[in-house]
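Database features (Swiss-Prot):
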type    : residues                                  : note
BINDING : 19, 61, 62, 63, 64, 65, 66, 256, 321, 393 : ATP binding site
REGION  : 139-158                                   : region 'Disordered'
């Protein structure tokens, strides 16, 4: 979807879910569009055009991760979000950075398989239908006469019609289906994920080709047979090549909490592993070849988007080589009272809409007055300023506290309309917001 969208269309799509942060939205929109532009450039220049990686800097709760989440849905491309803190330097106990590309490859295989199976779904449905009809109506043994065949064909058409209309959905049938090996969870030591995955794949392959008879409803059997027939129609080798090409040309990696692996200039010692992770990330970001079970994957054209709050460290605390690999820097602003108001009312799945929908299930009609919204925004902003700035996440705490009693007694208020105005908010949250000691623990 994203490759046909212009940067302004991508920003409009992000605006539905994220308030403000236009610089960050512009940067990711241009980066996404540049993937498409690069594909239109002729070789050999196309190979020379590498993605410009992005570093998003801003306090927690202002939309860094949300931009990544929404981008993942927009980008019709392999996408993975990982925490930089999960990785350790090669040789230490923990995951090494090559697993990023392996996980991305797994994601691409799954994505490509789903896409290929959708393409052959109609054929798979026809084949599954025939297999079901063979079970429901076994073919006649005596094939010497044409009349029974004709009669059987008519009966088959009647059953086919019933099957399509769902009249046979609850009928029990016995069916021969592929018997996979029972799923086996192998616990491996930290840092040995690759070997563990290979052992798991080896055991999974042992059950291939075996059949087993199972009793089930027609509806369940139809779904199972569609998947089986679609899997037969998909060429695994071709799928693998497509997935690898998709990772190499369109892959996006979102590196969260990158500030946590930055070595602070004012602290000495204990920083070896952090710098080591940065040095391990470096070849991955600038372009290297990683060995995966699906083949070799080049990372030259994978887009990396890193983000961090940088409270205790600065972007300049990252090693110079890594800094140079993130040429686009975007600063995200802290949220204002107006931003909080917009978050509560303007986004597609705003908190107010969520609570209205939840309480509507108990026939409680929740109405948010503009002055009530304003007061909620002021309280969230005030607590963030006084206690700890956790951005938009503060609204979850404030809203839960505000509607706690109403949610608890909702069944008793069935059929009522409750208006959340400034007085209602003040009555339930005013004292807490004003008392810094109380708000520190409660809000």
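A Cβ is built for glycine as well, from the same backbone N, Cα and C atoms used for every other residue.
Shown here: features listed in Swiss-Prot, placed on the structure.
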| residue | record | Cβ within 10 Å |
| --- | --- | --- |
| 19 | ATP binding site | 22 |
| 62 | ATP binding site | 26 |
| 64 | ATP binding site | 26 |
| 66 | ATP binding site | 17 |
| 321 | ATP binding site | 14 |
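Residue annotation for ATP gives 19, 61, 62, 63, 64, 65, 66, 256, 321, 393. The furthest Cα pair among them is separated by 34 Å. According to DSSP, residue 62 (ATP binding site) is assigned to coil rather than to any helix or strand.
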